[in-house]
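Student: Have a look at this one.
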Amino acid sequence: SLSSAISPSSYAAIAAAYSARTPIFNKKKTAAVLSPLSLFHQSPSLSKTGIFLHRGRKESSSKFYIAASVTTAVPSLDDSVEKVHLPRGAMWSIHKFGGTCVGSSERIRNVAEIVVEDDSERKLVVVSAMSKVTDMMYDLIYKAQSRDDSYESALDAVMEKHKLTAFDLLDEDDLARFLTRLQHDVITLKAMLRAIYIAGHATESFSDFVVGHGELWSAQLLSFVIRKNGGDCNWMDTRDVLVVNPAGSNQVDPDYLESEKRLEKWFSSNQCQTIVATGFIASTPQNIPTTLKRDGSDFSAAIMGALLRAGQVTIWTDVNGVYSADPRKVSEAVVLKTLSYQEAWEMSYFGANVLHPRTINPVMRYDIPIVIRNIFNLSAPGTMICRESVGETEDGLKLESHVKGFATIDNLALINVEGTGMAGVPGTATAIFGAVKDVGANVIMISQASSEHSICFAVPESEVKAVAKALEARFRQALDAGRLSQVANNPNCSILATVGQKMASTPGVSATLFNALAKANINVRAIAQGCTEYNITVVLSREDCVRALKAVHSRFYLSRTTIAVGIVGPGLIGATLLDQLRDQAAILKENSKIDLRVMGITGSRTMLLSETGIDLSRWREVQKEKGQTAGLEKFVQHVRGNHFIPSTVIVDCTADSEVASHYHDWLCRGIHVITPNKKANSGPLDQYLKLRALQRRSYTHYFYEATVVAGLPIITTLQGLLETGDKILRIEGIFSGTLSYIFNNFKSTTPFSEVVSEAKAAGYTEPDPRDDLAGTDVARKVIILARGSGLKLELSDIPVQSLVPEPLRGIASAEEFLLQLPQFDSDMTRKREDAENAGEVLRYVGVVDAVNQKGVVELKRYKKEHPFAQLSGSDNINAFTTERYNKQPPIIRGPGAGAEVTAGGVFSDILRLASYLGAPS
């Protein structure tokens, strides 16, 4: 009913507006009238005979009420019309087109073409109002009850929208018929809105009656166009057929038996091959117009499918189907080929844009499949929702886990009721959720410890204060007595649901899920899983929700291991690494399911960023064209957070101590670090120890194999020996490729200075050869190995024998140094000759003496048959003397310098990281 207190003087306005029993709605099979009704103090009950306003004074008073109701006249069949049996079964194809699909004349033509081209024997088409019209109709009601005079012009705008569409679509006769009906409807609506304006209030039945006109008009327009295209078509006002009963707030239950009877009657008078039915609207058993509430048009299509036992219900939208995750949050979400009814229900409950759960119920009764398709991409097959789903990806590969999709709900709070007094006490849960019910809150998820010590549940954040207050009041005595320890609420939470019908029969799904979350450094606050195992639900921090969604989706839907890579320092080693990644990327993805995405490359001046992955075949050109000013923090934030990949690694290919100083922070943020940069591991001991301790207690990894001898597996061998219980006694090796080359070529015919110049010309030395000859680089490698062996040494604790003559250490330029170096050849020649006379050679080595807790870098003599004397070129060599390998130390030998092998060592660390993150070994 529509009721509002008005004064007697206001009645003149009503009487002027409405004459006694004036018809205000005259349309096929629907009647409504306004008539004076008695005015009285008590709000009257709903009239069942039409829309009436009755006037009459019950007693003297300054306040009166207007009462009105809306009813739909149910069509009665003429006895002379022979009853026709309504065929049911798979010959019926149901289509539903939303407001976007019929948003313009061109789109209505497109819909009509789709319907006509459907070769089904019989078709029923459910349509929504044109795009934005439903909102416009609600706005009319809001303006009218707010006594905003602009409601009339707003209604004229709605009429004009439909008139222009009709002019574009219809021929003369059809146009005249439609415009006549439209004009009658608008007159009716103006009268009703005027009544709402005067009363200052609109009841639900009045609102439903007004809003439903959008569907009436779009259905008529589409039916005219289908007939124009040669289709045998009638339109149906579903208020004449669908009967629903209110079922609580914002819900209705279909009355299938009564609806079937009315559908039979309607079809007897309207036999046709194609029916265009209004979505969203229906009637109550008292014939009062109502709506099907949220997602009502989808619900209409599902109900009609059930009434007709249709072969299929197709929901036409503006997306290609149901996605494995929200594509706005996960850019690589895929369209699912199939979903089971249960999977679709679970995903929609947890916020996925699939269907409202109630839409699925009618079709489930008769195993009618629902297909979600894109009207703007007819080539896309869409998603089929049916009894059984198929666990396939787009390329036909079976999903190992049978997980179909992921959905999230944000803006939740987690309430925890905890206490030892809960255990074994019957009725505790009833009391808790009774208090929640009393404040009208909605519980989204429940989790209870098996010890009965605590119950936690999630509610909308907007309701958490009321719930917490109600619980504290309900359990005040238990809290004061200590039987309950707390009623705590944790705001800023989100729910992540993992859905799949076949998860119950697939071992390891939960393990895979939580492993993915752990490796993305995400903390889970609560867990819930039903015995059917259709979904696994976790509660986590809202700020982690999108990252968690990306992490689990990546684990189940992308390559087995997908890693975001950020390259710092695209110099000689960095550029070579990028080339190696480019050449190997496709092979790794195909054979090992490892997907390495370079999301950013930064130098000291410019950086190149990408949302989906840089094309490594032309990164140099793109960086020149689109590079932006370098900023290390912005670079890291982008690589870490601006994409769909959960695991991130920063590869530092510089020799910069400033970059190395960020490693600890990156590891704290869940970013893995790989580097050939020696500065962090050979820097201050306390910083090194903090770095190593952080790595051990977190799920982040710090790999630095290439810091000692490029790509040779020195670090991993050392760690393997220690982890298996061996004890390091001594590590000795030639760790400089430059100095290895120099002493391998320092023979009787060539002075030392000449060999140094040759090494520089060949690219083996640093721009200033003194950086190599000073031995500092070797000392850094020795300190890295010493610390890796458990020795707590500083770089200053390592004595280093410099090969740079004392007088030449202060010379400004490298060129001047090389010019003066020959003056000191005699000293090196004498050392070489002394060694040769003893059957030995000179080698520049680093030594870790673990027994005596020290290290040294020095020029040392070795017998010619010693492995260290057998080197050639720039090879490096290392020998581990341990308790197990004491008499015959294992030796690792190979190239120890050069961009290719150093980049290869870094690449090997990246693949080791991928293996740790789940890639097959």
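Cβ atoms are placed via backbone N, Cα and C, with glycine included.
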Student: The NAD(+) site in Swiss-Prot includes ILE573, THR654. Which of GLY311, GLY321, GLY896, GLY898 is also listed there?
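Tutor: Looking at GLY311, GLY321, GLY896, GLY898, the one Swiss-Prot places in the NAD(+) site next to ILE573, THR654 is GLY898.
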Student: Look at each of the binding-site residues, GLY763, GLY898, and point out the one with the fewest other Cβ atoms around it within 10 Å.
Tutor: GLY763
Student: Can you check which residues sit near ILE573 (NAD(+) binding site), meaning Cβ under 8 Å from its Cβ, same chain, 6 or more apart in sequence, and list them in order?
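Tutor: The answer is CYS653, PRO676, ALA899, THR902, ALA903, VAL906.
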Student: Near ARG605 (NADP(+) binding site), how many other Cβ atoms are within 10 Å of its Cβ?
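Tutor: ARG605 (NADP(+) binding site): 8 neighbouring Cβ atoms within 10 Å.
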Student: How many other Cβ atoms sit within 10 Å of the Cβ of GLU705 (Na(+) binding site)?
Tutor: 23
Student: Taking only C-alpha atoms and a 10 A limit, tell me which of LYS678, GLU705, ALA710, LEU712 are near GLY763 (NADP(+) binding site). These are the binding-site residues.
Tutor: none
Student: Same-chain residues six or more away whose CB lies under 8 A from the CB of LEU712 (Na(+) binding site)?
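Tutor: Expected: ASN876, ASN878, ILE892, ARG893, GLY894, PRO895, GLY896, GLY905.
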Student: Pull the DSSP breakdown for the domain 'ACT 2' (498-575) and write it out as helix, strand, coil residue counts.
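Tutor: Each residue of the domain 'ACT 2' (498-575) counted once, the result is 36 helix, 23 strand, 19 coil.
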Student: Considering Cα atoms only, can you say which of LYS678, GLU705, VAL708, ALA710 is the nearest neighbour of THR654 (NAD(+) binding site) among these binding-site residues?
Tutor: LYS678
